Amino acid sequence: MHLLLAAAFGLLLLLPPPGAVASRKPTMCQRCRTLVDKFNQGMANTARKNFGGGNTAWEEKTLSKYEFSEIRLLEIMEGLCDSSDFECNQLLEQQEEQLEAWWQTLKKEHPNLFEWFCVHTLKACCLPGTYGPDCQECQGGSERPCSGNGYCSGDGSRQGDGSCQCHTGYKGPLCIDCTDGFFSLQRNETHSICSACDESCKTCSGPSNKDCIQCEVGWARVEDACVDVDECAAETSPCSDGQYCENVNGSYTCEDCDSTCVGCTGKGPANCKECIAGYTKESGQCTDIDECSLEEKACKRKNENCYNVPGSFVCVCPEGFEETEDACVQTAEGKVTEENPTQPPSREDL
């Protein structure tokens, strides 16, 4: 029973935590390319080394040159895979003899290790500009796939269908045509350069707003150019009550009025059409009414204190007084002396 529990616990440790996204397993081509990149880096790191025995002339005469030696190959191979990288070590173990054969007898005839090992020997990858199981040429040819204006699906791998995924501004099976919002700056049978239209154009023949064939939404043709439509100048505002309209190129935005406004024409209390209760227009903008300073008392009960707050006021009995229906009545303990004056309530208590 204990063994079963231990096995189950070990299995749980191997499972990814809840919500974790499993990393995509590298393809055989990616694994091969990584191995070759590390091999080439190992060759660069050992390029200036020798046997290190102190008698280089004797060593090279007796053991052959370090440059082509098995000792150098061993040093390179030892640095190819981290001990924890199972897939790399598995690939290296399976293909160790192939790498040794290339090092010993094939390197001069096939100096490009990636092409010899990954493309022709393992058949895991294709050369750039080709794709699929048989390494066919990408659309537009292997030299400039997709006319240089896109990516070939599966380029350099044994996968994909060779179709073009065009860069922004380009379309068509060879990425040679321009999409809406772009115009042809330069074009021949194999090359195409598409450049962006002015922002006012949906389609165009050149870079300015006078070159528009169709105006973009939010723009209108005036004489020979597309110009911005000011939606905020319409007789009826496109915004709801409590908002004002701001025009932007090709569109508009609705912004909230200041909190003191009932309707507004722009930002801030100076642009209110009317003021909310408790505020009045003063020097062109809505300001708080101090009800406590008005000639007519705001607080009606006897002994009651008035405190102004933004947009309103509060009536509070002083310390030492208690509320009744029509007055603030002093309690026996609440007699006020000059040494013990009443204090106004804090802002938090209002």
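Every residue gets a Cβ built from N, Cα and C, even glycine.
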According to Swiss-Prot, which of these ranges is motif 'CXXC': 29-32, 85-88, 213-216, 273-276?
29-32
Scan CYS292, CYS299, CYS328 and flag the one Swiss-Prot records as disulfide-linked to CYS315.
CYS299
Please identify the range among 181-184, 261-264, 277-280 that Swiss-Prot labels motif 'CXXC'.
261-264
For the disulfide involving CYS175, grab the partner from CYS166, CYS178 as Swiss-Prot records it.
CYS166
Tell me, from CYS125, CYS126, CYS146, CYS152, which cysteine Swiss-Prot puts in a disulphide with CYS138.
CYS152
Among all protein chains shown, how many Cβ atoms are found within 10 Å of the Cβ of CYS29 (disulfide bond), not counting that one?
19
Of all the disulfide-bonded residues here, CYS261, CYS292, which one's CB has the most other CB atoms within 10 A?
CYS261
Counts of helix, strand and coil residues, the domain 'EGF-like 1' (134-176), according to DSSP
4 helix, 11 strand, 28 coil
Check the disulfide-bonded residues CYS146, CYS152, CYS317 for other C-beta atoms within 10 angstroms of each C-beta and report the one with the most.
CYS146
